[in-house]
Amino acid sequence: MKDDFAEEEEVQSFGYKRFGIQEGTQCTKCKNNWALKFSIILLYILCALLTITVAILGYKVVEKMDNVTGGMETSRQTYDDKLTAVESDLKKLGDQTGKKAISTNSELSTFRSDILDLRQQLREITEKTSKNKDTLEKLQASGDALVDRQSQLKETLENNSFLITTVNKTLQAYNGYVTNLQQDTSVLQGNLQNQMYSHNVVIMNLNNLNLTQVQQRNLITNLQRSVDDTSQAIQRIKNDFQNLQQVFLQAKKDTDWLKEKVQSLQTLAANNSALAKANNDTLEDMNSQLNSFTGQMENITTISQANEQNLKDLQDLHKDAENRTAIKFNQLEERFQLFETDIVNIISNISYTAHHLRTLTSNLNEVRTTCTDTLTKHTDDLTSLNNTLANIRLDSVSLRMQQDLMRSRLDTEVANLSVIMEEMKLVDSKHGQLIKNFTILQGPPGPRGPRGDRGSQGPPGPTGNKGQKGEKGEPGPPGPAGERGPIGPAGPPGERGGKGSKGSQGPKGSRGSPGKPGPQGSSGDPGPPGPPGKEGLPGPQGPPGFQGLQGTVGEPGVPGPRGLPGLPGVPGMPGPKGPPGPPGPSGAVVPLALQNEPTPAPEDNGCPPHWKNFTDKCYYFSVEKEIFEDAKLFCEDKSSHLVFINTREEQQWIKKQMVGRESHWIGLTDSERENEWKWLDGTSPDYKNWKAGQPDNWGHGHGPGEDCAGLIYAGQWNDFQCEDVNNFICEKDRETVLSSAL
């Protein structure tokens, strides 16, 4: 507006000066009349032009104002429509955002509660997993212990199976011995019948001699007395032989009874064979004496005095035989009692081991079931946890997507609102300018007035209403962890928890003391025959069978090389007694058992026959089985000792030389002091090859523990009871062998 007024002033001033209109002093002095007239005319013309231009300008201004007012009304209507639409959109957006905010708040609250529940569940799961780790470690330890026990049980079962096979072999051998004894008893019965017949013949001869020898009454009376004595002796012999038959029958019954229970009867078989040989010897002596008696009775007329002496000798021999048989039968009864006690102990051991194995199998089954149950529970829990975690991840992903969508929508809406607000501000500014221009153009601009004084400050306007509460913003990032506060006071004791889960089974207690052996029960009735079992595994190689029948004589073959000298044979039956020879000089009688065997020539390797050479030592691997002390004595009789294993090479060589699954004694024992194993020469072993878990000094619940060492079939060392029966290995230096051979 100021610029317009300045332009009008400049135009007016320019026009006045141009037409020569100056101050009044100059006009009054210099102007002429024509000039005044001409100037007045020009003034009228100018006034007319000015009125025309003002009318034209007013008309144009009115047209422009009409156009402006129409545009303003249309713009107002459009802006009012837009504002109503924006208000409706804002209301809709407010409602939607409120609903969405409520739904998101509810969803966030539920999500937070779910997350808290999941955290609680995860804590419980971690606690359970920690507990389960402890239980699993315990189960693993118990499983390792069970594996060790199973290995020990397998070894004991293998040893028991090996013992059972050896018992079966001994039973088979004992059956053969029993058949031989039965044959011997039948032969003895035949011999007794022959002797009875010969005794009857002798009695008849004596009666005939009594009838014929009437003249020699004194001699006959003495002979009759002697004959009566002999008849009484013969009757006693008959009674003794009948008792022997009964004893043999009882022994047969006892052997049948022992077949079902005995496990190791080799010593009994050897004793029975020795007893049978002794009985054969006594019977042979009796046969020889009876033959001599018959010869003497034929020559009784000439040598009656010799007959009386022979009868006295017979009585003495008979008494000695009776005493010997009584002593031997007492020894047999004592041995039978010992065998019965051994059988009872063996049966109790077998029952104890069977019960122990049953308990172990039941414990193993329980542990397996508990392990499988816990593993299935853990797998189910883990699968459910995996499923819940997968669901949580899916829900969190979907919630994040929804939050991203909501944020993008809010951003777009806020951007739209900001654009609309800026447009509204621009429209308001344009409207204000138009209104100002409209008020200014309504009248002609007047002259510029003087500058007025500054007005007083108006009173402050009323305070506006309080706005609505804004929406809750998003939670900010978590702040840094504060310092740890002081320890609070101890809380009150909590409630007593529920009953915990059942703990793992404790370790097995120590072995109890063995009970007293119960009385022997009566033999039960034989049960019905069971169904035929499955075909078993091939058993170990059995003992050599009995000698078969003699075959047909074949053609003589090519003579082979001369063999080694054989063992001395069984002494044959004594021949008939010859006539008495002249008395010879008295000499020392050497028994057969103490006679030295012929020493065989040593082999080329410097060791005797049946001995094997390794480095500078000779080794003897026995075929027979003995207890530890007997094996020691056997090796000492061979001028050797039980083997001392000092190197790994020697151990490997001995392992290769061992045949089958038999155990062998070695010269190692802790009989002097427990758990101090020493060789028989008193030295401690430098090299050791004990089996895992050995020596354990297991006493089997009877008597002392295991104090003697031996080699098992795997070549490892194990401790045994010194009363066990095993093979053995003897050892001696090759130099001593060579010197003795020279």
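Along the chain as shown, the residues are counted starting at 1.
Here the Cβ of each residue, glycine as well, is placed from N, Cα and C on the backbone.
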Can you pick which of Glu483, Glu723, Glu731 Swiss-Prot lists for the same Ca(2+) 1 site as Phe644, Asn646, Glu650?
Glu731
Report which of Asn168, Asn210, Asn386 appears in Swiss-Prot with the annotation N-linked glycosylation site.
Asn168
Based on the record in Swiss-Prot, give the one of Cys371, Cys722, Cys730 in a disulfide bond with Cys635.
Cys730
Among Asn159, Asn349, Asn416, Asn437, which is annotated N-linked glycosylation site in Swiss-Prot?
Asn159
Given the candidates Asn67, Asn280, specify the residue that Swiss-Prot annotates with N-linked glycosylation site.
Asn67
For the Ca(2+) 2 site, Swiss-Prot lists Asp670, Glu674, Glu706, Asp707; sort out which one of Asn689, Asn697 goes with them.
Asn697
Show me the subset of Asn646, Glu650, Asp696, Asp719 whose Cα is within 10 Å of Asn67 (N-linked glycosylation site); these are the binding-site residues I mean.
none
Pairwise Cα distance for Lys691 (carbohydrate binding site)/Asn271 (N-linked glycosylation site) [Å, integer]:
36
Just how many other Cβ atoms lie inside 10 Å of the Cβ on Lys691 (carbohydrate binding site)?
16
Non-site residues, in chain order, whose CB comes within 8 A of the mean position of the CB atoms of Phe644, Asn646, Glu650, Glu731 at Ca(2+) 1:
Lys617, Val643, Ile645, Thr647
Under DSSP, the domain 'C-type lectin' (614-731) has how many residues in helix, strand and coil?
20 helix, 32 strand, 66 coil
Within 8 Å of the centroid of the Cβ atoms of Lys691, Gln694, Asp696, Glu706, Asn718, Asp719, which other residues of that chain place their own Cβ, given that this set defines the recorded carbohydrate site?
Trp690, Gly693, Pro695, Asn697, Trp698, Ala709, Trp717, Phe720
Other C-beta atoms that fall within 10 angstroms of the C-beta of Asn67 (N-linked glycosylation site):
10
How far is it from Asp696 (carbohydrate binding site) to Asn646 (Ca(2+) 1 binding site), counting Cα to Cα, in Å?
22
